[in-house]
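Trainee: Below: one structure in structure tokens.
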């Protein structure tokens, strides 16, 4: 029994790291632009399909595929930001919401047309492999995905801290007007931010492609999952998203084990409601975001 | 309050008529006197169930083709997509009826079927159900609904019979089982049936844990971990395709040792997508479902024609029952001698098809509109394809039980 | 910024137009075939529910992304009371509305008590809707994900008593609901309460400083909106005869509900109807096109592109644009 609990905890932490990467993509866009990407899950699924396609066509494994997906989605993010989203920054929320719903529909439509409605699974040996760590069997794909996600998160943090554009992004997130005043061009900052946000989603999607089957209808689940994590961690906070991701990963695992797997996300929504009401800035501090 | 009278109203009406014209055109067919009977087909060819809906559609198209070759009365098939949405069933059925269909076939999914049945009942147009397992379809008093598919309880009843048989066939008697089921309409109905029948039929296998998981489960590691902890002899998953694949992957990764995996009434493991994705690990996975009777000539002919028309697809139960639905309709039209819905309803009620492709007795319909003679077989994947291993009278292979441990494959 | 329609009830042309419009709607079942009646019934349904949602968003500025919850509560209450307790929908629908109003008021009370605003309020509504959807999916009494089914309408059915019947019957049921919804909305919005509501929408703090009891008024609008949506859900359940938590209460349904009023024009009385006509027709059209072309996913793509086009080029909605086109000179801003 102890082994099972340990396994669930470890599995939850591992997948939670990938969830955190997804959530960071969402939170960084919101932090800088105050725009909520309701099509985030669709971007994750796009990453999954890229992971699937790269493996199936060119036998490129998940980790390099994640890098490629990050680059592709970065480009898509910049493109969407420059052409469409920029006009919606500062518009009322419902208007932004519909914009992203439209994106979600278009992307889902494209997925359906290109990949069909049935689930696509990466048929790689890694899907069946495990690592044994101190008597604990851990999925190889999961360990690799978590390690890569963690490296990507650290790289992103370093980027935000040590590069000029990274610091500009942080400045814009802290104080958009101030950033503009000191001469940080918000257009470029926004474009890079949107790119990074989508790159996170895409990379995470490619990383989980050996674990989860790619399917267009998974997208809303990912979007809501990212929301829950981001709110629990504090909207706009990277550390919060990381801890929130780990927390949700583990909590869902234990909810499935102890209560009822079909009801596990109810637990997450309950937590979300409690956090929204009681600690809207998130469980782990962060800025007061109201 | 409405501002601006004429212009606005006209704009709206203009828009509406334009939309109307565009929308109706593709569905309008030339109608002349003495033309073929129109058969409306409702299937979820897009949306979550699209994969299965498209399999059904292949069965319908094949059926229509073969009926025509066999000299059955001419029919014209009109397809409408229900988008895997229950509420769309009614709209789709009304559309088809309006297009002049005098009999409907559909709708794969229970919710959509009930919703379509309401429309069919109101218009007094018969609906032949190809696939849909919810018991309510034949227990709500519909007079125009005919189902040639097993309701959840019968599905489970047949499955339990096959599982009991397995012990005597192989001499291995499992003692404990874990039941897993996807928490959707179908999985729910089957799991409930298992619970009830297990007691009633006094099955000597104890169900030590029941695990239900979400329809959109991405990953089953915890669920399988929990099942493993219960140390069952057999695992009984009621799945769709994707979750069956996930289950196998987890069984391999967690190295779960079992006598066998037997899905009671579970769709999925016989699909090509499943056997392709799991390869050698999907072998020896068993499933109890209604299935085609491989010993009949008619079945072999249908399979051959299917292989020719769709070389990359597998002839399975979705195709089979959809094929049979067309056969039932063609037979009724021939006997009714007209395309009038009332006459067709009477003819359907008197259906008695002896020679058909799915395993079981003759196709007849009782007063609720249910075909009570559908059998269930035990399938086992062997060498990447599902083989009938029970009952003995139609088996084409011997069951491997207990199964080869995953680590030794 | 959301624009409100101006009061024009006094004008004869307006009255003529409205009368003509409603007469046309009334005559629909006599002019069009059943398939079109079914489609227009859906239009009326989405127009009515959109109207209910619009009360909250368009008139008070509260964004709810979880309205499917109220639809589900209304639907299940009506259906369970009818099937298991033999109660006519004449009781069941109001009962559902009452339950939904209480749930809505409860959510609103909690949310406003802890001053959850803006995007956070929207997320709160999603969280509650999803929470209840999963709860309903696992509630054996109502069939869980297995669904809840109504028995066939008996032979001796009297549509006016049972509220169940054929295509025309449901068309008129939703027609009446739509009319009542329109009148209730108009009365509320044009009345004292409506003035306070728009004051809250424009600047809640200022309104409160002027003595508007914003807390109560906001809870009230959520309750009214929830009750109306639940009526729509009850009638919808009667029409479909089957209820599933995933389709009736899912996120997709919430999105469907709000598309029509946003596309039609927020905060207008006719926007939801125009939007519903647009949304349902585009959906029907793209579906037929996708099927004719035999390309799966094409319909979703077209639908998405159309919505994108509208939100890009008519961000304020179709109805205000139509109004502006119709009277280029008289427009006063």
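For all residues, glycine too, the Cβ spot is worked out from N, Cα and C.
Curation does not apply to TrEMBL; its annotations are automatic.
Here's the feature list from TrEMBL:
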type: TRANSMEM; residues: C:12-29; note: transmembrane segment
type: TRANSMEM; residues: C:35-53; note: transmembrane segment
type: TRANSMEM; residues: C:60-79; note: transmembrane segment
type: TRANSMEM; residues: C:91-112; note: transmembrane segment
type: TRANSMEM; residues: C:119-136; note: transmembrane segment
type: TRANSMEM; residues: C:170-189; note: transmembrane segment
type: TRANSMEM; residues: C:217-238; note: transmembrane segment
type: TRANSMEM; residues: C:258-283; note: transmembrane segment
type: TRANSMEM; residues: C:295-314; note: transmembrane segment
Trainee: Cβ pairs under 8 Å only, please: of the recorded stretches C:12-29, C:35-53, C:170-189, C:295-314, which one is richest in them relative to the transmembrane segment (C:258-283)?
Mentor: C:35-53
Trainee: For the transmembrane segment (C:170-189) and the transmembrane segment (C:60-79), does the number of C-beta pairs under 8 Å, pairs 6 or more apart in sequence, reach 3 or more?
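Mentor: Contact criterion not met.
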Trainee: For the transmembrane segment (C:91-112), name the stretch out of C:35-53, C:119-136, C:217-238, C:295-314 with the most CB-CB pairs under 8 Å.
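Mentor: Going through each listed stretch, the top one turns out to be C:217-238.
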Trainee: Using a Cβ-Cβ cut-off of under 8 Å, list the residues of the same chain that are 6+ residues beyond the ends of the transmembrane segment (C:295-314) and lie near it.
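Mentor: Distant contacts of the transmembrane segment (C:295-314): 259, 262-263, 278, 282-283, 285-287, 289, 321.
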Trainee: What same-chain residues lie close to the transmembrane segment (C:119-136): Cβ under 8 Å, and 6 or more beyond its ends?
Mentor: 62-69, 72-73, 76, 107, 111, 142, 144, 245-246, 249-251, 254
Trainee: Let me spell it out: take the transmembrane segment (C:60-79), skip the flanking residues so only those 6+ beyond its ends count, and list any with a Cβ under 8 Å from a Cβ in it.
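Mentor: The answer is 2, 49, 52-53, 89, 92-93, 95-97, 99-100, 103-104, 118-119, 121-123, 125-130, 132-133, 136, 142, 148, 150, 197-198, 200-201, 217-218, 221-222, 225-227, 229-238, 243, 245, 248-251, 253-255, 257-258.
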